Amino acid sequence: MLQFKFGPILLLFSIYGLLECTGSLEIERIAIPHDASPGYTLKKFQCMGNLFSLQPSDFSENFAVLSDGLLMITKDVSHLMNRPVTLVVHEELPTEETKDHPVSIHVIHKSKLLKFSKDCYHGSVFENQPAGTVVEGLQTLTASKYPNHSVSYSFISGNEDGSFTIQKPEVNSSFVSILTNRVLDHEVQADYELLLRANDFNKADSDEALVKIKVKNANDNSPQPIQEVYSFKIPLDTELYSVIGNVSAVDADGDQPVYHLSSRHPKFIIIPKTGQILLINVPEEKSYRLIVRAHDNKKPQRYSPDIPVFIEVASKELLFEPEESWEDNSVETLIRSKRSVRPTQSYDYKETDGHTVGLTILELEKKNPQEMFKIESPNRWVDVRSNGEVIVKEVWDYEQLSKDKFIDFWVFVTGPGIAEHERQRIIIHLKDVNDEPPYFINRPLPMQAVVQLNAPPGTPVFKLQARDPDTDNSIHYLLVRDRTGGRFEVDERSGEVRTRGSEQFMLDKEYVLYVRAEDQSGGLSQYQSTPEERLSIMGGKRAPQFYMEKYETTIPENQRKDSDIIEVRAKSFADREIRYTLRTQGSGAGTFNIDPTIGVVKLAKDLDYEDLRQPKSYSLIVTATEDSGGFSTSVELTIKVTDVNDNAPRFELPDYQAHNVDEDISIGTSILQVSASDLDTGKNSQIEYSIERDDFTIDNKGIIYSNKRLDADVNNTYVLTVRATDMGDPPMTGTATVRIYTENKNDEPPKFSQDVYTPNVDENAGPNTLVTTVVASDKDGDNIHFGFVGGGTVSGMFQIEERTGVIRLINGPIQLDKDKYELNVTARDDGSCCRNGALSTHTSTALVVVFITDVNDNKPVFENCESYAPQVEEGAPSGTLVIK
């Protein structure tokens, strides 16, 4: 048997507490501020013809549920602060079924309600930091301003991989911290968006905020070579300044590697930006070993491991050994190493077989039908599908293949019975198609030579050299036009130019021949030849000749002082030593100097592209002079300076202002224009604008537009920061402040102090009895007129004063025969706040629920009193019935 030892309400709480624990009913928890006014809405139940009622309890008189399912406060509830109250809303469905809805009400001091100060927080952390690193920029992250407030924080979304964890506030602090839970990698994921929720200890009050975390990139990756070792083979007569090969490295940070040789080499150089190795001097017939290193341009700079490069120079075709590879050892000798692989497969194809990208050329042999293939390293010409099909990746060009003229690649093989992947080498030999014309490789150009004045007949003075990219070539050298009077002849097969006749040659006279090289491997109609070239032969002596007719190079403005810029070389026809000098044409004298013995031009001064006193292009004259009073010659050298992104954009004004902006302007209306400029040029001066607030947007012209509805009543001055970011690498940013002053419009409706008013009136109240006063305010500052919905100031037994909002009973007969009356009250502004405000007035409504209080104004009345005739006999015992 249940006993109400502590009152019926405690039993009700116990029963519903038991129901919640057993899962029979789910209690909804609602937190409300302690100063919530009567009429404050707690919850709106879905009403579809259902009837709602509030089960009575010790505290139910403070609440009410209306016919439409609205659960609200009817009295001051501040006395219930920190005393959870459980209500039960009874619902009757049209099907005669019933439901009970338990609701736990938690009245909390309004200052202790959970609320993040921002909807969105921004933080950052560098990659590679150890687990437990605090995310920067979140110093104000809290939903409560009270230290030691019992609040729990959790991630709702965005942290599925567990990258972050939450650190509770320290003692006497309310701020939480977000820490990394593992080492983060910018290259894997650079941005995180976390939805953070705060709950109080009883889970009645909560708030959410978005936390955006940017993982900052750190220069944590060194450039890595695509191959551990590079080897190239070139013929002894390779043309100077030819590209021997290419060394490539990649940087996982996205940086562009810069290449350099570990030490200066007399025969080879490497282009820093591309990694191309060039031949700069006539090589010897031997093997060369170079060490290449690559570094990035970040701070601190990171360097690749040493990249060995082997260049073998030979006078004939190098023998190909398919099962062996070049490697390096500590004493810089070449050794051979064997690998355990499947037998090499070789195939023969014509150049034209690879004319279509995506075309399947062949299918690799399988030991098992389920085997799968993967190419070991990317190949320019072919790719391999997993089923073993070899397809054309780029249209085949015989002339662009290596000296051995084959496509060489390795594949990984996996499948049943293979514990670890096996390797197999595939070689596709190509047969050339005669489709390329020959070309002269003589350097320097134009062709020049000297002839001794008393040279006997048959004396060689020059040798023509031509190459044909096709293999099936037959080069013949032809004398096309002779302007010497028959003093020279050309050997058709060797290209040697020899003297004819015994007559002495004249001093300082120029003898001119026009020559051509012709490929006569096909029929006459298929002959391909070089253009005619001019050969100048000087009698006696002539000045040195530079290897190029003019030189031109480009350097960035941040080029390091004393660094090498370009090497300018000349040829002496007298085989004398040459000394080099440098002079400047126009402005910029002293900016560069030249090594007098080797012709290397260096930077002597720091450059600044934005300095108007410094030219953007330097015109120099390099002079080569032979020793011992020999001849000299000069060549033009142009050095162009390119811009580096070393200037941030600057706004024309530090502070922009826009006045009298109507708060009701349409979204997308232009407000003002800002302008920034960048002293750099080209891409480095191209600017993108951005803005920090989502109330506004900005286009690439600097025009600021409204992006949301403005509100002068809430914020009559918008202060925002505009950023101008250039397109350089890395980009640079400048900022300016923009202030937008808004002008008020009659765009705000009146707002009642409460959505619902719940006064009480005695059932025997007389005319003009005060019921309540409704209060409304207008942010625009308009005057307010009150009334009832439908017009007028009278509704049934009630009347309202238009200017004050006072509601009274009417001045007439009063009959209050219901338990409550629902009145819909209106508040209308008059637009007096601003110019033309009366043209657009606004009306708001509130609900007044008048509860009728029962009064003890009726005395008991006996029915049929005249028929009562009580009688009792004398001596009747106590308890004898007298009347019924």
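Just so it is clear, glycine is given a Cβ too, placed from its N, Cα and C backbone atoms.
Look at TrEMBL and you will find 117-225, 226-324, 327-440, 443-546, 547-651, 653-752, 753-862 tagged as domain 'Cadherin'. Under the heading signal peptide, TrEMBL lists 1-21.
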Exercise. Give the residue counts of the domain 'Cadherin' (443-546) per reduced DSSP state, in the order helix, strand, coil.
Key: 3 helix, 47 strand, 54 coil
Exercise. Could you give me the DSSP helix, strand and coil counts for the domain 'Cadherin' (327-440)?
Key: 7 helix, 52 strand, 55 coil
Quiz prompt | Residues in the domain 'Cadherin' (653-752) grouped by DSSP into helix, strand and remaining coil | solution = 4 helix, 49 strand, 47 coil
Quiz item: DSSP helix, strand and coil counts for the domain 'Cadherin' (226-324)?
Solution: 0 helix, 42 strand, 57 coil
Quiz prompt | Mean per-residue pLDDT computed across the domain 'Cadherin' (443-546) | solution = 89
